[in-house]
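Here is what TrEMBL records for this protein:
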- 13-317: domain 'Calpain catalytic' (DOMAIN)
- Cys73: active site (ACT_SITE)
- His238: active site (ACT_SITE)
- Asn263: active site (ACT_SITE)
Amino acid sequence: MRAVRAETRARELFRDAAFPASDSSLFYNLSTPLAQFREDITWRRPQDICATPQLFPDNPWEGQVKQGLLGDCWFLCACAALQKSRHLLDQVFPPGQPGWSDQEYQGFFTCRIWQFGHWEEVTIDDRLPCLAGRLCFSRCQREDVFWLPLLEKAYAKVHGSYEHLWAGQVADALVDLTGSLAERWSLKDIRKASGQQDRPSGGEHRACQQLLRLKDQCLLSCSVLSPRAGARELGEFHAFIISDLQELRSQTGQGILLLRIHNPWGRRCWQGLWREGGEGWNQVEPAKESELLAQLQEGEFWIEEEEFLREFDEVTIGYPVTEAGHLQSLYTGRTASRSGPSFVKQGACIGWHSRD
């Protein structure tokens, strides 16, 4: 970082020669739909995008992730994990960096990414890709908040270009952003092992109960590899964030498990029984319906356990990290003496962008 500051003193604002504001940072081989915007993308600093840029919002909801043109929903789902813990956020974004309103601001930020068993510092300038004056890749719910697009740029620099982020695994990004472990559950494999192909199995129900227990400790993500007939609105090879789980009783006393799903596209895309105005809400008291619908943010929807198990293919769980930086077991609650990944399962890549 000292070398960057020295270089900045000789210039007005830092320009990162290692990851320049050019096509070489945007594209790898022009093989994705991103290539069609090649002639239209410009680079702007946050103060040229809005009047009062800020790194983090006062209201956590205003920092919620939204996907742009880049097919990196897998990375954005992992970014949501950082909002669960100030420790995790400070680990990736070291505190005390001068912002746009500070005299010490020099046009760069430093992030930390977990690579090959240790935290790697990644310094970038704050020029960001834009279309028609607005951010064209990731952005926060409030568009004058910039921690997310800056972190996305640092991650793109580590990988060589933004286009390299097109499709990937939530589990891999979780390891890179938390220095923790990630575990993937294939819902199809659980059903196959039970021998029940046509309806949710006891194993799948137990998996959902485990998610209910883990919801406050871990980042939970779910993915669709290939949508079922009639459910194209969920997309293909797309990752979502599980924001919450709620166990309810119907008016007849029957147990109901609802999952609140956040779509990084930033719009509600599910037209199932528990959509707003859907028939599912007839099973619960009107007061409970109002309470749960009021919790929905932009891009979120409720889905019942059986619908969820039918439509989604896998779940990714990020192991919790304590405030002291230690790994915590999902199963026993015990903490490890040191933080750092030792394995992560591999598999088919997840990541696509919104199709209008």
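Any Cβ shown, glycine's included, is placed from N, Cα and C.
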Cα-to-Cα gap, His238 (active site) vs Cys73 (active site), nearest whole Å: 7
Secondary structure at Cys73 (active site), reduced by DSSP to three states: helix
Asn263 (active site) versus Cys73 (active site) - Cα distance in angstrom: 9
Coarse DSSP state, helix versus strand versus coil, of Asn263 (active site): coil
Protein Cβ atoms within 10 Å of Cys73 (active site), excluding its own: 30
Protein Cβ atoms within 10 Å of Asn263 (active site), excluding its own: 24
Other CB atoms within 10 A, centred on His238 (active site): 26
Mean of pLDDT values spanning the domain 'Calpain catalytic' (13-317): 90
